[in-house]
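J.: Quick one: the structure is below, questions incoming.
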Amino acid sequence: MNWGGLQSLLSGVNKYSTVFGRVWLSMVFVFRILVFVVAAQRVWGDDSRDFVCNTAQPGCVNVCYDHIFPISHIRLWALQLIFVTCPSLMVVAHVKLREGKDSKYTAMHEGSHLYAHPGKKRGGLWWTYLVSLIFKAGFDAGFLYILYYVYEGYDMPRLSKCSLEPCPNTVDCYISRPTEKKIFTIFMVVSSSICIFMCICEMVYLICKRIQKTIRKKVVESHEMTARRSRSKSSVREDPTNTASIQNLCNVKTEEAPSEKKK
């Protein structure tokens with residue numbers, strides 16, 4: 001496995017993530033990918049070879065193994081990790097697209113930039129990041145449901161009954177190291193649940209922060225509008241000609257009043 005490529009990919013995604021996103025990446029890389037590669041593959045490496053049934057009927061063991069293990073845990077977890085990490089590439093691709101547009105715009109407009117910060121989660125990038133979180137949580141939840149539905153729970157029984165053809169009767173089949181496999185299964189399920197919880201927390205954080213910015217913007221705009229109105233009212237002045245004409249009319253009236261009294 002190319003650890004350098006994986007590390008560069010995760011570090012590239014990590015630059016544009018929030019605190020919850022960084023915790024999610026640490027969970028995926030340390031508690032899921034490393035455990036999957038280092039330990040889980042070795043635990044399930046002998047599942048078909050050491051699967052034993054108390055019968056010598058040809059084909060019975062293969063049929064019972066296929067019935068008890070319709071899909072291998074290792075292959076299911078590998079698909080889960082691929083599907084869960086792919087949505088993060090959407091964010092990286094969107095940022096690279098912004099950087100390309102910004103470089104072309106800078107070359108055409110003599111140094112001016114189209115985006116001040118291409119990696120800032122604003123506009124379309126915010127929606128891309130939110131959609132990637134929805135996909136990551138949805139994929140994890142979907143694979144957990146598939147694992148629960150296929151194996152009827154997350155338990156690993158020591159003894160399984162099988163009565164399928166060509167078995168002559170109901171035979172007992174035994175799984176190798178069932179306790180160890182159960183522990184790893186529960187560990188992977190718990191780590192996936194924590195990743196889902198972190199995605200939900202990050203979605204709530206992004207939405208609340210967006211609402212807070214919108215409210216702040218509206219409050220600032222309302223303050224600016226009131227300030228402009230108060231300035232416009234204070235800047236209105238009375239016309240001096242109107243004041244002088246009113247004063248002249250008052251003087252004329254006062255002069256006419258004593259003349260009428262003399263008559």
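Glycine too: its Cβ is placed from the backbone N, Cα and C atoms.
Taken from TrEMBL, the feature transmembrane segment applies to 21-40, 76-95, 126-151, 183-208. Residues annotated as domain 'Connexin N-terminal' in TrEMBL: 42-75. Per TrEMBL, domain 'Connexin cysteine-rich' is recorded for 139-206. The annotation region 'Disordered' is assigned in TrEMBL to 226-247.
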J.: Counting by DSSP secondary structure, give me helix, strand and coil numbers for the domain 'Connexin cysteine-rich' (139-206).
T.: 42 helix, 8 strand, 18 coil
J.: Could you please provide the mean pLDDT value for the domain 'Connexin N-terminal' (42-75)?
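T.: When the pLDDT values over the domain 'Connexin N-terminal' (42-75) are averaged, the result is 82.
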